[in-house]
Structure formats: structure tokens, C-alpha cells
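Colleague: From Swiss-Prot, here are the annotated features:
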type	residues	note
TRANSMEM	38-58	transmembrane segment
TRANSMEM	80-100	transmembrane segment
TRANSMEM	107-127	transmembrane segment
TRANSMEM	135-155	transmembrane segment
TRANSMEM	175-195	transmembrane segment
TRANSMEM	213-233	transmembrane segment
TRANSMEM	244-264	transmembrane segment
Amino acid sequence: MDYINAALLGVIEGITEFLPISSTGHLIIAEQWLGHRSDMFNIVIQAGAILAVTIIYWRRLLDLVLGWREPENRDYAAKLIVAFLITAILGLVVKKLGFELPETATPIAWALIIGGIWMIFAEWAAARKAPHKEITWLVAILVGIAQIVAGVFPGTSRSGATIFVAMLAGTGNRAAATEFAFLVGIPTMYAASGYELLKTFKDGGAAGEDWTALAIAFIVSTIVAFIAVKWLLAYIRSNRFTLFAIYRIILGVLLLGMATSGLIA
């Protein structure tokens, strides 16, 4: 893989990983022109995006750790832990059962379309309720489950699934729902990436990798994800997610058309 392609894939990952539009759907299209991505490459560019969100929320994370004696912080941290543990336990069960859908265009396209419709419904439902900021135990449990659903069905979007489950379950405030979804995503994605990284090294999948290309992709992904998430957090203060939903539906229809015409697998 040449360095320009590595940088472009880093840009795509950085933009799409935490926006509710599915990084998988975009990367599968990019793969047609930029070449196949190795497992190691996927892990590295995702790690860059996770690092960006960790940097953005480092003060909030530090506050939760240092301020654990405060009831509000302790309660919030406990809900983050429960959501993470639900994802971890169910994730291990899914792995053991070997249930996994192929990352091919048609199922991803349908996940994009259905997810877009789901987002529109969630926005409509949330608008009919008071914009509560509270993260309830129900929200924490459902967010944990939503992360697994997103992992099992490529194209769902982890951020999209968790944000809109939180909104439907009672956290009508977009900023509060997004923050919880992103904070849960940090340990979840670090754990998943760490597991996949160890597995890749164990299987010899890191042999022959171009480490310069990996470094470029990682750095680009980190920088672009930082900018994208900062923009998203500012955007949702006064805007709905409807544009993202429409974009998902259009992209899903486009992918279906490409799959039907044989332009993409």
C-alpha cells in the first residue's frame, strides 16, 4: 500500500468512525479503489480514531477517576462500567458462537438504510419528550447491548446505534446521549482493538506490514477524527442528526445499486 492511499484511508476512518454514518460502509467503497486493507491496518487506523476521542474527553475521564467520591461521578462511572461489561460479556458469547455477518456491500447497504430510518424515528420520538440529560440504568444497559448489535451487523455504526438507543430510552438531550456513547466507546474499542491486535500478532498477521504506511495512517486518522468529533459536538448543540440519517439512506441506496450492477462485491 502506498503512502497516499494509507493517508486517504486514515482520513476516511477519521471522519466516519465516530460520526453516525458507519466507517465500514465507507471503507468498503474506498477499498475498491485504494486496495484491500489488512487486519493490522484496520486495527491501526481505528486505534488512531480512539486516541482522538480519548484526548478530547481526557478532562472528563480524569474528573470521573479523581472525583469518584462524589455521588454523581460515582453513579455515572458505574453506568459506564456496566455498559462496558454488558458489551464485553455479550461480545465473548458472540465470538464463541462464531456469529458474524460478512462485510459485503448488500448487508452493509441495508444496515445503512435501516439505521437512517431508525435515526429519523429516534429524533422524532426524542423531540416529543423533555430533553433530559440523565443517564438512567436502562440507558446504560441498552447502550451496552447496542454496541454488540453494531458489531454483529456491519454498517450499523457503533456511535449511531448507541446515541439513538440512549435518546429513545430517555436521554433526549443529544449532547448527553453522545457523550455517554463516546465515553462507553473508549474502553470498548480499546479492548476490542487490543484483542484483535494480540490475535493478529499470534497468527503472524503483522509480518510483512509496511510500518511507515501504518504510522502515516494512524497519525492521519487521529488528527482527522479529532477534528471530526470536535465538529460533531459543536454541531449537535443546535442541530438534529437528520442530515446524517438522510446521508446514510442515500449511501445505502448507492451501495445497493453498485452491488446489483456488479461494481462492488
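From the backbone N, Cα and C atoms, a Cβ is placed for every residue, glycine too.
Quick one: where do these features end up spatially?
Modeller: Long-range contacts of the transmembrane segment (80-100) within the same chain, counting only residues at least 6 positions beyond its ends with a Cβ under 8 Å from a Cβ of the stretch, are 64, 137, 140-141, 143-145, 147-148, 151-152, 180, 183-184, 187-188, 191-192.
Listed by sequence, the residues of this chain that lie at least six past the ends of the transmembrane segment (107-127) yet keep a Cβ under 8 A from its Cβ atoms are 20-22, 24-25, 28, 101, 153-157, 160-161, 164, 167-168, 172, 174, 240-242, 244-249, 251-256, 259.
Residues 18, 43, 46-47, 50, 53-54, 57, 60-61, 79-80, 83-84, 87-88, 91, 132-135, 139-140, 143-144, 147, 151, 158-159, 162-164, 166-167, 229, 232-233, 236-237 of the same chain, all 6+ positions outside the transmembrane segment (175-195), place their C-beta atoms under 8 angstroms from a C-beta of that stretch.
Under 8 Å from some Cβ of the transmembrane segment (244-264) lie the Cβ atoms of residues 19-22, 25-26, 28-29, 32, 104-106, 108-113, 115-117, 119-120, 123, 155, 157, 160, all in the same chain and six or more residues away from its ends.
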Colleague: The transmembrane segment (213-233): which same-chain residues, six or more beyond its ends, come within Cβ distance under 8 Å?
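Modeller: Result: 1-3, 6-7, 9-11, 13-15, 17-19, 40-41, 44-49, 51-53, 55-56, 175, 178, 182.
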